[in-house]
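Taken verbatim from TrEMBL:
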- 96-137: repeat 'WD' (REPEAT)
- 138-179: repeat 'WD' (REPEAT)
- 180-221: repeat 'WD' (REPEAT)
- 225-266: repeat 'WD' (REPEAT)
- 267-301: repeat 'WD' (REPEAT)
- 308-349: repeat 'WD' (REPEAT)
- 350-385: repeat 'WD' (REPEAT)
Amino acid sequence: MSNPAHALHEEEDDQGEVFLDEADIVGEIAVDEEDLPDADDEVDELDDSIHIFTGHSDELYAVICSPTDTTLVATGGKDDRGFLWKIGHGDWAFELQGHKDSVSSLAFSTDGQLLASGSLDGIIQIWDIASGNLKSTLEGPGGGIEWIKWHPRGHVVLAGSEDSAVWMWNADNGSYLNLFSGHGGRVSCGDFTPDGKTICTGSADTTLRIWNPKSGESIHVVQGHPYHTTGLTCLTISSDSTLAVTGSEDGSVYIVNITTGKVVSSLVSHLDSVECIWLTPSSPWAATGGMDKKLIIWDLQHSLPRCTCEHEDGVTCLTWLGTSRYLATGCMDGKVRLWDSLSGDCVRTLNGHNEPIQSLSVSANQEFLVSVSTDGTARVFELHE
């Protein structure tokens, strides 16, 4: 078959050079200058991801990487669905079926054997990773699940609910273990202490409560001056189980002694809601991210900012990259940024999402960072030192 372009060249050669003059103009077409591409505009937005999971059909809320399987990821979203999928295995996905509302929370057990998926329908499902079977269904809460945590050394699940209560179950047989009631608003954050002996929970009612897991007794209630004036948004606990660091909608961050229930110090710098907190496992530093477009690295020994990292928009989530000096932030502008905590410099900006980042998780081998967004996708980025 002849090539049309080749035939045209032959025709031009037969006629010698071809010229156009005004008599050859058939007509002029008016073009609005606004329709023309700007030379400064990038035609295609950069995408730095190496894998995109597109199994969901609506906004994504949660992502968690397995603590033992370096490729296994779980995601959940507004489409009432959760999925297990594998980095680099685009043809493999397992749906976590049965939820009747948005899948808002996901957590792997410490040993990686079980996955808990929590929904705004108030139900938590426990999945056996090896078989893919639904192991048990945890019921009780009268409102949506806000967060899920596992006991550091066993198959015990703790969850905070919109119903103002905190619930605890045995995940192996689905039995109810305890109910922690006392908060006067949705329980927005919480966790076991790393030694497993105490529970800390924060609520929209502006209080932090410290509980005995066995008796269900509230040991301390932290509230009033000097503490948060609006609802708590996030908390984290020191590796030695002695301190809780909490953030609030009012932009304040406080450090509380878990044993005494007393406020030890305040970290003052954010001007808007603090959305995320992370403590470094290896040094006395903390990181906080807020809607004031700031990531702040704190020296906890002196309660002073080490460095302030400016963003283009609000910071929604953060995670430290293992025991390294680097951490990652997710932002309202759809960008994921990697920061050097020593210098405060942004060392990489990871493009791909076009809507706000909701959650971040790092793979067990620290080689991959997974982000989920309201754009309906999960993206995997390679982490290079």
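Just so it is clear, glycine is given a Cβ too, placed from its N, Cα and C backbone atoms.
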* Structure fact -> Lying 6 or more residues past either end of the repeat 'WD' (267-301) yet within Cβ distance under 8 Å of it, the residues of that chain are 233-239, 245-255, 307-320, 323, 327, 329, 332, 339, 341, 344
* Structure fact -> In the same chain, residues at least 6 away from the ends of the repeat 'WD' (350-385) whose Cβ sits under 8 Å of its Cβ atoms read 45-54, 56-71, 73, 75, 77, 85, 87, 316-319, 321-322, 324, 328-338
* To do: Could you tell me what the rest of the chain brings near the repeat 'WD' (96-137), counting residues at least six beyond its ends with Cβ under 8 Å?
  => 61-69, 72, 74-84, 143-153, 155, 157, 159, 161-163, 169, 171-174
* To do: Please give the sequence-distant neighbours of the repeat 'WD' (180-221): residues at least 6 beyond its ends with Cβ less than 8 Å from one of its Cβ atoms.
  => 143, 146-147, 149-154, 158, 160-168, 227-241, 244, 246, 248, 256, 258, 260-261
* Asked: Using DSSP, how many residues of the repeat 'WD' (267-301) fall into helix, strand and coil, respectively?
  -> 0 helix, 19 strand, 16 coil
* Structure fact -> For the repeat 'WD' (180-221), the averaged pLDDT of the predicted model is 98
